[in-house]
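Everything on this sheet refers to the single structure shown next.
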Amino acid sequence: MYSLRILLYSVIFLLSVFGNLLIIVVLVANKRMRTVTNSFLLSLAVSDLMMAVFCMPFTLIPNLLEDFIFGAAMCKTVAYFMGISVSISTFSLVAIAIERYSAICNPLKSRAWQTRSHAYKVIAATWVLSVGIMVPYPIFSTLVPFTKPNNITAHMCRPDWRISQIEQIWYVLLLFILFFIPGVVMIIAYGLISRELYRGIQFELEQKNDCG
């Protein structure tokens with residue numbers, strides 16, 4: 001069982017690292033691909049790479065050893081960067097959805113602000129917001145000792161909120177900021193895009209029928 005878990009984690013880790021590195025290199029090296037959408041994809045690739053580096057090794061090894069052996073400082077760092085990468089990925093997907101909606105549904109109005117410089121400002125804002133939102137993780141994450149069945153003391157890395165009400169408020173806020181609100185925005189954006197594309201297809205079919 002351990003061998004299968006290690007194999008799966010290793011394959012996913014390698015695919016994630018090399019896949020996202022390839023995307024980053026291609027988008028950075030090829031000037032013709034430096035579009036607004038690709039700018040957001042670049043940010044998404046960087047955040048996914050962070051997730052692979054800071055999540056998979058530091059999740060697999062403690063699970064196998066049943067002990068977080070990397071120390072308190074790394075516990076705080078890993079928790080922080082994992083949170084940041086999830087937040088940036090979510091905000092990047094929302095930004096891509098809004099950008100696609102504007103380009104398809106309001107192409108003329110969106111030309112004024114659909115520039116790379118504006119995209120860079122949005123990306124910078126998502127990173128700053130993500131870094132700020134996830135500050136509680138390095139503050140509260142700590143090594144919590146526990147006793148294994150063989151009476152050996154081990155540690156697990158987890159947030160120690162001390163007050164349960166604070167923990168509940170925090171996770172409810174994260175639920176709204178990272179899941180509920182982004183989900184609603186993306187559903188609406190892609191729903192409107194689908195409607196616009198459907199109208200375009202219907203119009204083309206009507207034109208062909210009229211010409212026929």
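Heads up, the Cβ atoms here are built off N, Cα and C, so glycines get one too.
Feature annotations, courtesy of TrEMBL:
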type: DOMAIN; residues: 19-212; note: domain 'G-protein coupled receptors family 1 profile'
type: TRANSMEM; residues: 6-28; note: transmembrane segment
type: TRANSMEM; residues: 40-65; note: transmembrane segment
type: TRANSMEM; residues: 77-98; note: transmembrane segment
type: TRANSMEM; residues: 119-140; note: transmembrane segment
type: TRANSMEM; residues: 169-193; note: transmembrane segment
Item to check | Sequence-remote partners of the transmembrane segment (77-98) [C-beta within less than 8 Å, at least six residues beyond its ends] | outcome: 37, 40-41, 43-44, 46-48, 50-51, 54-55, 58, 70, 122-123, 126-127, 129-131, 133-135, 137-138, 141, 157, 159, 178-179, 182, 185-186, 189-190
Checklist entry - Considering only Cβ pairs under 8 Å, which range in 6-28, 40-65, 169-193 makes the most contacts with the transmembrane segment (119-140)? => result 40-65
Checklist entry - Taking a Cβ cut-off under 8 Å, which residues six or more beyond the ends of the transmembrane segment (40-65) line up next to it in the same chain? => result 2, 5-6, 9, 12-13, 16-17, 20-21, 23-24, 27-28, 74, 77-78, 81-82, 84-86, 88-89, 92-93, 95-96, 99, 119, 122-123, 126-127, 154, 156-157
Item to check | Other parts of the chain folded back onto the transmembrane segment (169-193), taken as Cβ under 8 Å at six or more residues beyond its ends | outcome: 86-87, 90-91, 93-94, 97-98, 100-101, 104-105, 133, 136, 161
Checklist outcome for this item: In the domain 'G-protein coupled receptors family 1 profile' (19-212), averaged pLDDT is 88
